[in-house]
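Pulled from TrEMBL:
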- 6-23: transmembrane segment (TRANSMEM)
- 58-86: transmembrane segment (TRANSMEM)
- 98-119: transmembrane segment (TRANSMEM)
- 131-148: transmembrane segment (TRANSMEM)
Amino acid sequence: MSTREIIIVYSSIIFAIILDSLLSFKLGSVFFDTNFSYLIFSYWVFAAPEKIRVNQSILIGFFVDFLSNSAIGFHISLYCLFSLIIHAYAYTFRLFSYLQLSIFFGTSAAFISALFYLFHHPLHYSYLDIFIYWITSMILWFPVYFGMRRFRQKFFYA
């Protein structure tokens, strides 16, 4: 990857981390959390599998761990795992419809969120939060996908 492409990918993920911290809130007893950083990371791995490899996912996972104030290694291991899964099925995913992609990436984002809450907040673990997060992630995948695709076509290959 060129330096320009690296700056574009990392700046979009850092922007997503900032967006995550701004849009997470608690509404009554339900904690509303967005995981834009994972959705944008998974978009980059899905859209440019030849450019974002496992070594890049380790570095991106480290940035997410460091900037989101979580345990070092949590996002690294999960980002590597999902990077390997996305790379293994990268060209199969291209045959999927937008709804199927939304279900896969929403489920993987909900899995990351469920593990995060299980390890960091075991006393306040709520299945309702995970279900709402799963639905929200599937809905958010559409604007992330189309917005990042437009962004990639405009700046990444310019």
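Glycine is treated like the rest: Cβ placed from N, Cα and C.
Unlike curated entries, TrEMBL annotations are predicted automatically.
What you are looking at is a predicted structure, and each value in this text was computed from that prediction instead of being measured.
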Selection from 6-23, 58-86, 98-119, the stretch that has most Cβ pairs under 8 A to the transmembrane segment (131-148): 98-119
Residues from the same chain, set at least six apart from the ends of the transmembrane segment (6-23), whose C-beta lies under 8 A from its own: 32-37, 39-41, 44, 51-52, 56, 60, 63-64, 67-68, 148, 151, 155-156
For the transmembrane segment (58-86), distant same-chain residues with Cβ under 8 A (at least six beyond the ends): 9-10, 13-14, 17, 20-21, 37-38, 41-42, 45-46, 49, 52, 93, 108, 112, 115-116, 119-120
